[in-house]
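Novice: Not my notes, these are from TrEMBL:
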| type | residues | note |
| --- | --- | --- |
| COMPBIAS | B:168-192 | compositional bias 'Basic and acidic residues' |
| COMPBIAS | B:209-224 | compositional bias 'Basic and acidic residues' |
| DOMAIN | B:11-147 | domain 'Response regulatory' |
| MOD_RES | B:80 | 4-aspartylphosphate |
| REGION | B:168-232 | region 'Disordered' |
């Protein structure tokens, strides 16, 4: 496909990620740190985010399944998750983490379980969208101008 | 550009248990032209700085470089607050209590805006407190702190140079304060920064305004007369 067309698609998708609230200003900060010497910085840090999130999600699930629930441990995991999602500009994921932490502090197990579903859902949606987005970015980068 | 050794690289030690944040701070610092070393814990930081955890005093005071045990000099430590084991605050304390390391400026980062935490860190000697996620604009505040320590090592003959250098650096910021008041203002500024990030309070701008109004009228820029060239 024509490079210009692909780039246009990339721009549109990028715009919608912001408009729909999946990403915030912090993502732009990451883009600004990218240059010719570090052309894949955003993709690299987002990939780190996936790996780290997978680890945290697993830990949180384990913690939620144990009895009694260790709320302080849960809060600690979620603090980490919130931190990293905020660092990459994952707006919706970050706010779901905030909700979770509130239930955690209230030691509300049901609330935690429910809101964790929300966290996982938002994370999965964002991950899918970003994977599509970066695939398009890569395609546009190697495409020829017609 | 400057007259002193301003072009030699500054080396920053960044401490954070989050791999994402380490990658981010490393990129931020490199973009700002600093040399960077990242570690994932306070104890590794102390190890890198050449201080063992149980050392509180150094019987052999350093002659020139603050780091006796390492070839590499560290000009600033930037650390996350919340870390397992040794927190950023604990690390800050250890550095400030060490006779060999206490002159190294320390900056704390935190994802949580807790005023008591911020003041505790500043009281313990942290130069700045940054809210995460840290931005490039935050890092602009680091250079003056590093300049201070770098020039401290040089002989008194260069004190005049030091002052001029400091003034030149301050000029890069929008503010026009004399060096004495710059220090004072910086203290207030990072406290203001935290509040501003959360709410746009008019009291902040009043504070700033009050400070500016309090400046002496002779905050002229003597260096324009003193030095032949002003290379910007």
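Cβ coordinates are placed from backbone N, Cα and C, and glycine is handled just like the others.
Heads up, TrEMBL stuff is auto-annotated, nobody curated it.
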Novice: What is the pLDDT of the domain 'Response regulatory' (B:11-147) when averaged and given as a whole number?
Specialist: 89
Novice: Across all the protein chains here, work out how many other Cβ atoms are within 10 Å of the Cβ of residue B:80 (4-aspartylphosphate).
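Specialist: 27, counting other Cβ atoms within 10 Å of residue B:80 (4-aspartylphosphate).
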Novice: Could you tell me how many residues in the domain 'Response regulatory' (B:11-147) are helical, how many are strand and how many are coil under DSSP?
Specialist: 50 helix, 24 strand, 63 coil
